[in-house]
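To start, the structure under review is shown below, and the notes come after it.
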């Protein structure tokens, strides 16, 4: 870009090392009729397509070297006009030596320029650059429009930072860097993207006219949201009843053996049943449906981000994941049900919202209006919110979870529908969960909650433990994330060394069995290392082995005797001994939180017991994600935070007693908030925030789960601090999981590292990352041409061009996808046509075109290949006009790269065509071009080239100083840029450009 005129020159770019492909010149673009640039049809059999080049090709739009035969223009006079513009007069200057002309020109930031900047214009006799001027330059230079500024160096070299600040910056930079091997990049490139909006073609508009609009359509939409909410709520309730029933079978007999002091028999029963449960769970995943492993949240995030993940939204995934989850949770593994419920809700939303099932062959002719990509994505989002709401009993949290991190597109209508679906799912799940416990009817159908929460007076001092817990949660959350990522990489590396597929599957099952063996032994024998405690009457008002009234909120659970009955006095009328560790660990799942979050139980548990459980639980919870069982991470993380939060709360009560000299408890005072149960809630929030980094959703979920609105502010502070601390050390866990699964996810804010520093994408342009050259087609093509295009390329989208009758240039008209071309060529009307010279207009409905992938790709490929075997198809044309997406977005090549990224992500695009000022196609941007690792590669080359050129300029300038003793100015424009101190220009923040004579030293 020329600093003065705003012109862009195109041509070959000489670089220091290697050769990089620059944007083609206009002379190259119109050679031999095989143009790869818009304006001629591409030579389709001798090149590569834009969006996925086989080897690195870079379109670097920078100032090219000036050819030796060019003329250098100089500014002789600047005549100010009446409107404040400066009239420029050019005059020829002697030619520059070729060696000096290879010196590139840089522009300095307005804040950094103090003396001069050299600008060379490459002017032809016809006012056209040799490489081809890209824009028509203005005659005047406006003083209101300041210099187009671009820094020479994009990397901050500031050395005035402290060691701590530099360390944090280094951690953030390393966390933001994406490094993929060649095999991983190949696997990543196999994922296809999805458009958010349907193809805006003539066929789509014809299809859309058949459906009513207004109130009836909205009524159908709300009815489908109701079905999604009810279905998700029923499934969540069924999941809880199944896990409760299987868990009761295991723990009932285990507790009986322990109460009789038969620990070996208890351990054997616990181990045996746990191993059976885990074997069933892992077998379903390993041998039937591997996609069902884990919680499934990364796959749903990727789908809502616009990535096609095969099998993630299928009915098979729902069934297998549900069965595997029931057994994995019942076995006592460190997994939860809340994460998979997100996946369940998404599957239900996608299926019920479309009112069809490919697995069951169910496709009735009702609700067909909603079978579009946009509606499917919206109903899936509503299902995700319903799953979170039913799992956490948090409808508002479900809404915020879907809005904050999952959905790339959001609107007011979507907000209301998602919230409504979340409310219905929560109400449905609560109705059945209160009436049934392990499929045993409790005669309480209709109740929404069984807990009663009395308000607790929060004090300003409570912010201190909130900040402390936030720091702890942020550090532990970052450690959890990094360690789990490291373990998964090592697991993947180890499995890759096993060549036999059957052996590899058995190893995955044995890994889960070993983990189950450890957890069963831990829950059986760990309580034996802690002494029994006497039940304090201030915390309990009833006999042991009955449900105790725990302080104010009545949310307590019966304590566990373990084997303490053999320690009691034989003359005692009742047993008042219990084991606090056994009370927490024996029961599994949500029973942990029932004890740890209970209020009014200040002295029921010990701080060292909580920390001992935490150490083992945290290690196992870090290792479990990535194993071959279904299960989420939300509940294990919440439990881990509650354990160290409870320990801190117990310590705070002890300190309060020592400071006040009281033997009582801080109850019904201004220190009422100093309850270990309250601090445990804040601890859960800290670790959950440190792992997920979902500030808004996590805050609301924790408040809704605790049922106490007074906790909102301390929980907000805790999560905020945890997020800030964890963000400086690592990325969120979901981002690491997306990278591990090689899913091309586009984050809300891109973080690109170039030369060990995070760069500002506003300083770059779309042409810096676009892929070029591009395959283009016309609205009417021969069948054989289209067949060859599909066979010899693997690109998913092709720009359609039309010739301008005046300029004879081929201009951008629209876009058509690979899938649509397959459907067209495989249609009966095309396949049966055999008469040369005909132009076919296939009769294909929009329902047939609106598919994400070809059902039988091998059969479709055979049909397409058959067109190349018969010469007649060289003379049969296909009219593509009714199928072209005429609303496909496009941008100018000078468009800001940061805004290009935001436009692509926000609109949910699959292809973004790049055009020049004359609307000719110059490149294509796809999801893979905007992946951080891809931008890192391309922008690193751009920055290296510019930095190297600037270094060369400095070296030559130094040589001139040494040889001549003064600065020798090139015969070019010399600009002295200084701040204009006049009041009117100061208010504009402008700078004044003063032109000096070329031979006059500054």
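Glycine residues also receive a Cβ, built from the backbone N, Cα and C atoms like all the rest.
For the transmembrane segment (266-288), the residues of the chain that approach it from at least six positions outside its boundaries are 246, 249-250, 253-255, 257-258, 320, 323-328, 330-333, 505, 508-509, 512-513, 515-517, 519-521, 523-525, 627-630, judged by C-beta separation under 8 angstroms. Marked as transmembrane segment by TrEMBL: 266-288 (among others).
Under the heading transmembrane segment, TrEMBL lists 300-319 (among others).
Residues 224-225, 228-229, 232-233, 235-237, 300, 303-304, 313, 337-338, 341-350, 352-354, 370, 414-415, 417-419, 421-426, 428-430, 449, 634, 694, 696-697, 700-701, 704-705 of the same chain lie 6+ residues outside the transmembrane segment (379-402) yet bring a C-beta within less than 8 angstroms of a C-beta in it. The feature transmembrane segment is assigned by TrEMBL to 379-402 (among others).
Here TrEMBL flags 414-439 (among others) as transmembrane segment.
Residues 618, 621-623, 625-626, 637, 640-641, 644-645, 648-649, 652, 670-671, 673-674, 679, 682-683, 685-691, 713-715, 717-726, 729-733, 736, 740 of the same chain lie 6 or more positions beyond the ends of the transmembrane segment (459-485) yet place their CB under 8 Å from a CB of it. Sequence annotations record features per position, and here TrEMBL assigns transmembrane segment to 459-485 (among others).
As annotated by TrEMBL, transmembrane segment applies to 506-525 (among others). Residues 254, 258, 263, 266-267, 270-271, 274-275, 277-279, 281-283, 286, 331-334, 491, 495, 498, 585-586, 588, 616, 620, 623-624, 627-629 of the same chain sit 6 or more residues outside the transmembrane segment (506-525) yet have a Cβ under 8 Å from a Cβ within it.
Residues 294-295, 333-335, 476, 480, 483-484, 487-488, 491, 515, 518-519, 522, 526, 529-530, 533, 580-581, 583-585, 595-596, 633, 636-637, 639-640, 643-644, 646-648, 650-651, 676, 737 of the same chain, all 6+ positions outside the transmembrane segment (605-626), place their C-beta atoms under 8 angstroms from a C-beta of that stretch. Annotated transmembrane segment per TrEMBL: 605-626 (among others), in sequence order.
Same-chain residues lying 6+ beyond the ends of the transmembrane segment (633-656) with a Cβ under 8 Å from its Cβ atoms: 295, 334-339, 391-392, 465, 468-469, 472-473, 476-477, 480, 589-590, 592-593, 596-597, 602-603, 605-608, 610-611, 613-614, 617-618, 621, 624-625, 662, 665-666, 671, 674-688, 691-692, 733. Per TrEMBL, transmembrane segment is recorded for 633-656 (among others).
Under 8 Å from some Cβ of the transmembrane segment (676-696) lie the Cβ atoms of residues 400-401, 404-405, 456, 465-466, 469-470, 472-478, 480-481, 593, 596-602, 605, 633-634, 637-646, 648-650, 652-653, 702, 706, 708, 711, 714-715, 718-723, 725-727, 732-734, all in the same chain and six or more residues away from its ends. Residues or ranges marked as transmembrane segment by TrEMBL: 676-696 (among others).
Sequence-distant contacts of the transmembrane segment (708-726) (same chain, six or more residues past either end, CB-CB distance under 8 Å): 453, 455-458, 462-463, 465-467, 469-471, 473-475, 477-478, 481, 678, 681-682, 685-691, 693, 695, 698-699, 702, 732. Annotation source TrEMBL lists transmembrane segment at 708-726 (among others).
Residues or ranges marked as domain 'CBS' in TrEMBL: 770-833 (among others).
Per-residue confidence over the domain 'CBS' (884-941) averages out at a pLDDT of 93. For 884-941 (among others), the entry in TrEMBL reads domain 'CBS'.
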Tertiary contacts of the transmembrane segment (300-319), as residues 6+ beyond its ends and Cβ separation under 8 Å: 191-196, 289, 291-292, 342-344, 346-348, 350-351, 357-360, 377, 380-381, 384, 405-408, 734, 738, 741, 743-746, 852-853, 905, 908-910, 927
Long-range environment of the transmembrane segment (414-439) - Cβ separation under 8 angstroms, sequence gap at least 6: 221-222, 225-226, 228-230, 232-234, 236-237, 240-241, 244-245, 247-248, 345, 349, 378, 381-383, 385-390, 393-396, 398-399, 402-403, 407, 445-450
